[in-house]
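Asks: Taken from TrEMBL, the feature active site, proton acceptor covers K41, Y273. If you look up TrEMBL, you'll see K41 marked as N6-(pyridoxal phosphate)lysine. Summarising the annotation, TrEMBL assigns substrate binding site to R139, M321. Sequence annotations record features per position, and here TrEMBL assigns domain 'Alanine racemase C-terminal' to 252-379. The compositional bias 'Acidic residues' annotation in TrEMBL covers 380-396. Marked as region 'Disordered' by TrEMBL: 380-402.
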Amino acid sequence: MTERAPAKVRARAEIDLAALRANVRALREHAPGAAFMAVVKADAYGHGMIPCARAAREAGATWIGTATPEEALAVRAAGIGGRVMCWLWTPGGPWREAIEADLDMSVSGMWALDEVTAAAREAGRPARIQLKADTGLGRNGCLPADWPELVAAAVAAEREGLVTVTGLWSHFACADEPGHPSIAAQLTCFREMVSFAEEHGVRPEVRHIANSPGTLTLPETHFDLVRPGIAMYGISPSPEIGTPEDFGLRPVMRLSASLALVKHAPGGLGVSYGHHYVTPGATTLGLVPLGYADGIPRHASGTGPVLIGGKRRTVAGRVAMDQFVVDLGGDEPVAGDEAVLFGPGDRGEPTAEDWAQAAGTIAYEIVTRIGARVPRVYVDDADNADDTDGADDVDDGGAARE
Ligand SMILES: *Cc1c(COP(=O)(O)O)cnc(C)c1O
């Protein structure tokens, strides 16, 4: 991330690190009594893991969270200190490296406890583990029926000096659906599973269950630590619970491209594969050099919104692998003019949420899928930042990606 951005690039995803820091601060105000874990899995939801992890740290995130151990090890390899936790392990995973890198490792079942204790024995030092309870998500984590066995084995391993149980934690299924009965049920279950573990000798440093919607709307879920992901990137977890502005958040990613071609077209011209769009009369067409290889959803064919020359246009016909077309209705922007797919939304451009609705998905998927072929350009607007390093750096897919 040291090269200058070329004056014109095919496409770019600008990442506003000042906005990210401001979002972290806003989220910390929503949960003032809790520690903050910045979730940067999946290349920070497409925003670039290392720059985002650093920015979150600067704004007060004392924990960094990833899904895979490889992601967490990459955070450490970039020289980022402090606590780093990862939770998606599979048998044969890099336990020993994780112990030596001082990671906190989630353990959801006996196979994982067996592997981590074996690695701790080899490493000659204890592993920091956090026991994950399945309180009703029905995905990863230990179900209540299996909890006594896991807790007893973890306590025994701790007495042998092989592990330190640093946390007890869980994850919500429906925290973004206000009033969903599973929220209260999961909280009750979590409290019971935590109490059981504590009664049997676990002394966790942190107990945690809150994701973005929990952090924003459910103070009773904050416990010792909150783990927001999507909200840190300035996107509401669900339009149902509010807009980013409602929560004091600002979208961090702005995706744009240079028009590759503008041309006059006659009426009756079939546009893009399958001819699902036919020009209704003489018009102008603009070619946007982004496609599903770049993460533009093919499901947004005929529906995705784009801002060109101050006007909202719509994807005409199919999104192809590398490009799509918009009908410019006779306007004549020139090749090289900017097409903005999404951004914060305050300069007329669509938002990632608009694309999610156009494609029948969630905004998480829109930003996370933006592909490796799109350079991330880090901007740090000094006007919005109180700790900017003033850098406008481009990351062409090397350093910050795993
Ligand atoms: C992804 C993830 C989060 C963050 O979820 P958001 O809805 O993006 O806030 C928190 N905890 C776990 C276990 C996750 O996998």
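The backbone N, Cα and C atoms fix where each Cβ goes, glycine too.
All annotation found in TrEMBL is predicted automatically rather than curated by experts.
Help me picture these features in the structure, burial and contacts included.
Replies: Annotation for K41 (active site, proton acceptor): same-chain Cβ neighbours under 8 Å, separated by at least 6 residues, are G65, T66, A67, T68, E71, G229.
DSSP assigns K41 (active site, proton acceptor) to a helix in the three-state reduction.
Following the DSSP three-state reduction, the secondary structure of M321 (substrate binding site) is coil.
Assigned with DSSP, the residues of the domain 'Alanine racemase C-terminal' (252-379) fall into helix, strand and coil as follows: 23 helix, 44 strand, 61 coil.
Close to Y273 (active site, proton acceptor) in the fold, though at least 6 residues off in sequence, lie G317, R318, A320, each with a CB less than 8 Å from its CB.
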Asks: My understanding is the cutoff is Cβ-Cβ under 8 Å with a sequence separation of 6 or more in the same chain; which residues meet that for R139 (substrate binding site)?
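Replies: In sequence order, the residues whose Cβ lies under 8 Å from that of R139 (substrate binding site) (at least 6 apart) are H171.
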Asks: Excluding near sequence neighbours, so keeping only residues 6 or more apart in the same chain, what lies with its CB under 8 A of M321 (substrate binding site)?
Replies: G291, Y292, A293
